[in-house]
Amino acid sequence: PSDPFIQPNSSSTSFILVGVPSLESFSPLLGVFFCFAYVVALLGNGVVLLVLGLDTSLRAPSHLFLAMMAAVDVVMVTSVVPKMLGTLWMESPGISPAACFLQMFLVHSATSGESGVLLAMALDRYVAICHPLRYRIILCPRAVAQIALAIVLRALLFITPLMAMVTKLPYCASRLIPHSYCEHEAVAELACADPGPSGLYSAASSSLIVGMDVAFIAASYGVILHAALRKDRCRRALSTCGCHVGVMLLYYGPGMVSIWAQRAGGRVSAGARVLLADLYLILPAMLNPFVYSARSEQIRRAVLRTL
């Protein structure tokens, strides 16, 4: 029988994105929200990148890490939201295998990259508070460049084996992806062969990356608080690190909830799981410029000068 999700002009080899399962009647409203979030994310992160690129006084390591985060956020939302809006608004759910796998590559490498940037920011705060006199020596331009390269290489080393396993799977059954973007598990479950190895690799590698990053971030803040209490600089340390902690909560909080919902299976509806995964990608990218960059007095002044 014909599939109601397949459009007349769709290629038979294309995947079909369902959108948000069980919430099809709310697709126009969801599209409005995601479009608004996408525009805000592009404007906010675009202004941050523009200001950091034009103002030569903003060349501290912390500013360079902010630029990296803004760039990763732009890549993350741009790889997902435009196609998502096509599915929700224009009833154009078809996506070619090449575009689907490219979207998967960008999404998963961007999430790994963002976690790496958060770890680099924690290192920056640790050096700035615990070793202020050696800040410029430890985080010299060469060291910052090496950190940035390490973040990119780690993301590529994580995603390349996963993409190799997923693209080699035979897809000869249903092409309906019960998701609004090409999320790895949703696509791999459509394979005719056993997707277990790729799922195991994805779970193990992502848990290792996030676990290590969270452990190092927590350790760095433990040392920061200990040093601040000993030197009577607790208030200054908390003020300096408060924005970074807010960004981490924005990123890891929805991520943990989304992972829990995926593992809960039938206890959480498919629509709720997909919606949580969408918010995990879009909300941090939309709010990061305001939670972190907009609270920096130097960046606020630079924005006013630029405008």
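Each residue, glycine too, has its Cβ placed from N, Cα and C.
Per TrEMBL, the feature domain 'G-protein coupled receptors family 1 profile' maps to 44-292.
Marked as transmembrane segment by TrEMBL: 29-52 (among others).
Annotated transmembrane segment per TrEMBL: 64-81 (among others), in sequence order.
Marked as transmembrane segment by TrEMBL: 101-123 (among others). Sequence-distant neighbours of the transmembrane segment (101-123) (same chain, 6+ residues past either end, Cβ-Cβ under 8 Å): 62, 65, 68-69, 72-73, 75-76, 79-80, 83, 95, 139, 147-148, 150-152, 154-156, 158-159, 162-163, 166-167, 181-184, 187, 206, 209-210, 213, 216-217, 220-221, 244, 247-248, 251, 255, 281, 284.
Remote same-chain residues near the transmembrane segment (144-166) are listed as 61, 64-65, 68, 101, 104-105, 108-110, 112-113, 116-117, 120, 123, 184, 187-188, 195, 197-198, 201-202, 205-206, 209 (criterion: CB distance under 8 Å, separation of at least six residues from the stretch ends). Annotation comment: TrEMBL describes 144-166 (among others) as transmembrane segment.
Residues annotated as transmembrane segment in TrEMBL: 208-229 (among others).
Feature annotation from TrEMBL assigns transmembrane segment to 241-261 (among others).
Residues or ranges marked as transmembrane segment by TrEMBL: 273-292 (among others).
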